[in-house]
Amino acid sequence: MHVPIDYDTLRVIWWALLGILLIGFAVFDGFDLGTAILLPFLGRSDMERRILINSIGPVWEGNQVWFILGGGASFAAWPPVYAASFSGFYVAMFVTLLALILRPVAFKFRGKVDNALWRSVWDWALFIGGLAPALIFGVAFGNLLQGVPFRFDAELRAVYTGGFFQLLNPFALLCGLVSVAMLVMHGAAYVQAKTIEPIAGRARRAGMIASIVTLVLFALGGVYAYSMLDGYAITSQIAANAPSNPLRKTVEVATGAWMRNYERFPWSPAAPLLGLVGALLAAVMFALRREVAAFVMSAASVVGIVATPGLAMFPFIMPSSSEPNASLTAWDASSSHLTLYVMLIAVVIFLPIVLAYTAWVYRVLRGKVPSHIFEPGGHAY
Amino acid sequence: MDVAELSRLQFALTALYHFLFVPLTLGLSVLLAIMESVYVMTGLRVWRDMTIFWGILFGINFAMGVATGITMEFQFGTNWSYYSQYVGDVFGAPLAIEGLMAFFLEATFIGLFFFGWDRLSKPGHLAVTWCVALGSNFSALWILVANAWMQNPVGSRFNPDTIRMEVTDFLAVLFNPVAQSKFVHTVAAGYVTGAIFVLAIGAWYLLHGRHRAFARRSMTVAASFGLASALSVVVLGDESGYVTTENQKVKLAAMEGLWRAEPPPAAFTIFGIPDPERRETRYAIQAPWMLGLIATRSLTTVIPGIYELVDAAKTRIGRGVEAYGAMRSLTSAEPSADMRKTIEERQGDLGYALLLRRYTDDPAKATPEQIERAAWDTIPNVPVIFWSFRVMVALGFYFIALFAVMFYVSSRRAFERRRWLLRLAFWSLPLPWIAAELGWIVAEYGRQPWIIEGVLPTFLAASPIPAANVWLSLVGFFIFYSALLVVDLFLMAKYVRLGPAETWEIPDLATRQAPPGGVALDDVAHG
């Protein structure tokens with residue numbers, strides 16, 4: 001089959017699509033996770049918690065597909081990344097999966113029995129189901145930025161050489177906190193827009209605090225990355241059209257290497273800037289009670305914050321700290337030319353359709369959580 | 001147990017749990033769409049009550065299906081990283097398209113199915129319900145396209161530069177004959193599951209004299225839909241068996257307990273005790289000609305037995321060793337054109353050389369005993385496959401009989417006069433799940449030792465991770481899933497006992513707009 005797009009171009013497109021899927025996950029499922037984290041703090045009675053849960057009730061299921069699609073797309077487009085990351089982060093991934101298993105059943109089961117203990121168990125399940133993924137994804141990004149200890153054998157079998165607790169280093173934990181603060185900000189913006197007083201007022205205060213915390217922690221991470229963090233750079237000739245085999249290049253480790261893309265591409269500092277300014281403006285909009293604007297600003301901040309490490313690392317996707325030459329990059333960790341092309345066709349056809357009906361569903365469900373769904377015979381969680 | 005064994009156990013456990021929920025999702029989603037279609041066409045309230053009630057049970061089941069399904073997708077990366085690296089180029093694509101095309105559709109609209117009753121017009125809500133049903137069926141299609149490639153790896157080749165399998169013909173992967181036959185067989189089995197579920201619970205209501213009009217109508221839909229589905233399962237299952245003869249001769253021989261080829265046409269063994277120690281099937285009761293007809297649709301084609309297939313495997317191991325040697329030389333030294341040519345010609349047998357890796361690090365130095373053992377490794381567990389297959393088929397025929405009788409009785413409107421039949425329908429409730437799980441065992445356990453038939457042995461595909469990690473997740477998933485299953489069954493039973501409320505209140509779109517401020521807490525706090 002003739003493929004009308006060059007391999008190197010397709011690889012950049014798929015690198016960008018991986019980023020778009022991650023951003024889609026963070027923006028859409030992010031407010032679900034944030035709302036779940038806020039559940040014990042904003043909902044003081046059973047009815048208030050029901051309102052919070054029902055604010056995301058009709059949409060969380062579709063939102064979660066961004067995560068599932070992110071997994072599927074990295075499997076299809078970046079198989080070595082999928083293989084090395086999930087087996088390397090085995091225990092972290094196991095905890096994440098437990099959290100994500102808890103969510104669907106907690107949503108569905110909570111309202112089905114009228115018992116305080118029963119409901120409190122599922123409330124905590126939702127809280128953990130929101131907090132654990134938010135924290136772990138941030139920690140994972142923190143580790144990606146530092147490099148992950150893995151190597152390949154001669155048959156390209158990825159072997160992880162680190163331990164679980166190694167993942168919990170100070171910089172990674174800082175990234176985890178950025179992620180939690182960011183999603184709490186985003187969740188608070190959503191809750192503020194979908195509920196009425198007194199919940200909306202509590203969400204507003206929580207949102208203001210979370211925006212400022214996000215701003216400070218993200219800036220702190222940037223300062224650390226600029227001054228102390230080792231980055232990676234390819235030192236051999238780059239063969240952007242070569243077959244995907246990560247063992248055929250040399251890589252150096254240098255402090256500040258992650259900043260080089262920001263000098264090379266003058267537009268790219270827009271990402272961290274968006275992260276910072278978005279969080280700042282979100283705080284302002286929370287204060288001004290501008291519900292829609294606060295949500296848009298927190299979403300913008302999320303986009304900027306997720307895009308920042310991605311742009312800094314390009315073309316690296318998963319650097320190896322124990323054997324830098326084995327690092328996985330956009331040029332040597334992709335699927336074949338044909339697979340990338342076929343998958344691109346699928347994305348070009350289906351992603352606009354998905355976005356269109358998702359938009360329609362949100363339109364149908366617009367407005368604050370209506371009260372009549374809580375009456376007998378209504379359809380609420 | 002080593003990591004590969006533990007990972008297999010974990011995959012089997014999570015897949016069997018997941019498959020408790022998938023068939024019911026498939027079947028109920030279509031039944032809901034049918035019931036709501038009747039409601040929209042007739043305007044009769046009982047049909048809306050049916051959609052809502054079965055929808056509640058659907059929702060509980062769907063949540064468990066999603067929860068257990070998430071684990072499945074990520075297990076390839078966590079536990080089978082070499083598999084992911086080796087075949088991700090081919091296998092990942094249908095999985096990703098499943099998310100993009102099917103799961104998004106299903107998951108986005110299921111929220112609106114529950115929350116959209118008062119926000120959508122009647123046809124609007126019906127369209128949403130059909131989207132959910134369509135999504136769940138598309139989902140099965142893409143998953144089975146991916147699975148079929150594991151059974152029959154078409155449209156791909158080994159690339160020595162990247163040391164993995166890559167797609168050469170995507171349409172061949174998509175239109176894999178195994179995928180087509182598996183899809184229709186699996187989906188029809190899901191419809192049977194949904195139909196028996198509705199039938200059994202309806203029968204329980206009639207036995208207790210509750211919700212009569214509701215139960216009778218539900219059972220009528222279930223009986224007719226179930227009869228058509230059960231017939232399809234058997235006919236399409238036969239087609240699936242026919243396709244198996246083409247490319248998985250070992251699986252077929254194991255299903256039949258056929259140790260040595262017989263002169264055609266081969267007899268079908270109705271009963272027998274396969275004995276893997278003595279490599280024969282004892283006490284066999286046979287139906288002459290039947291296997292030849294089912295498996296080859298001819299009376300003259302020879303069906304090879306296990307002994308013949310082991311001999312064939314030995315030959316392929318020998319040829320595969322040459323390809324393996326060439327591949328090794330490519331990764332260690334300057335690639336030579338000769339070596340590339342050897343791989344090109346012998347790559348179809350490369351997987352057979354990999355079987356030797358269980359016994360030696362260098363297949364080129366394998367002893368004849370090791371080759372003999374590797375060849376016998378290609379034979380799956382015969383008694384398990386033999387019996388799983390027979391019980392599954394027997395259940396398939398039982399479903400046809402049950403639905404046929406039910407269909408007849410429902411057309412005579414005589415359900416309540418035949419209490420024994422209602423009892424039979426109720427006690428049939430667990431049977432479709434047993435059939436579905438056995439079908440999974442025949443298809444997947446019957447594929448061992450291959451994770452991809454003829455291409456990659458299962459034991460090589462596992463992640464190189466500490467066994468302790470897999471023990472942790474295996475025990476964790478088992479406890480977690482079992483606890484959730486208990487809760488799930490408890491809730492299902494609770495809602496079945498509650499039954500459909502004869503007067504579901506769905507606020508009318510015209511009269512019940514949400515107040516502009518949304519919830520007034522004082523109003524709902526007592527609700």
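Backbone N, Cα and C atoms are what each Cβ position is placed from, and that goes for glycine too.
TrEMBL entries are annotated by machine, without manual review.
Fair warning: this is a prediction, and the values are worked out from it, not measured in the lab.
Under 8 Å from some Cβ of the transmembrane segment (A:12-39) lie the Cβ atoms of residues 5, 49, 52-53, 55-56, 59-60, 62-64, 66-67, 69-70, 73-74, 77-78, 103, 123, 126-127, 129-131, 133-134, 180, 182-191, 203, 206, 299, 302-303, 306-307, 310, 314-315, 317, 330, 334, 340, 343-344, 347, all in the same chain and six or more residues away from its ends. Sequence annotations record features per position, and here TrEMBL assigns transmembrane segment to A:12-39 (among others).
Taken from TrEMBL, the feature transmembrane segment applies to A:81-102 (among others).
The transmembrane segment annotation in TrEMBL covers A:122-144 (among others).
TrEMBL lists A:164-185 (among others) with the feature transmembrane segment. Residues 26, 30-31, 33-34, 37-38, 89-92, 130-131, 134-143, 145-146, 149, 206-207, 210-211, 213-214, 217-218, 220-221, 224, 229, 279, 282, 298, 301-302, 305 of the same chain, all 6+ positions outside the transmembrane segment (A:164-185), place their C-beta atoms under 8 angstroms from a C-beta of that stretch.
Summarising the annotation, TrEMBL assigns transmembrane segment to A:206-226 (among others).
Marked as transmembrane segment by TrEMBL: A:267-288 (among others).
Residues 15, 18-19, 22-23, 26-27, 30, 78, 81, 84-85, 141, 144-145, 148, 178, 182-183, 185-186, 188-190, 192-193, 207, 211, 214, 218, 222, 225, 231-232, 234, 238, 258-259, 261-262, 265, 268, 270-279, 281-282, 284-285, 327-331, 333 of the same chain lie 6+ residues outside the transmembrane segment (A:295-318) yet bring a C-beta within less than 8 angstroms of a C-beta in it. Positions annotated as transmembrane segment by TrEMBL: A:295-318 (among others).
The transmembrane segment annotation in TrEMBL covers A:338-362 (among others).
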Are there residues at least 6 beyond the ends of the transmembrane segment (A:206-226) whose Cβ is under 8 Å from a Cβ of it, and what are they?
38, 41-42, 145, 171, 174-175, 177-178, 181-182, 184-185, 188-189, 192, 256, 258-259, 272, 275-276, 279-280, 282-283, 286-287, 294, 298, 301, 305, 308, 312
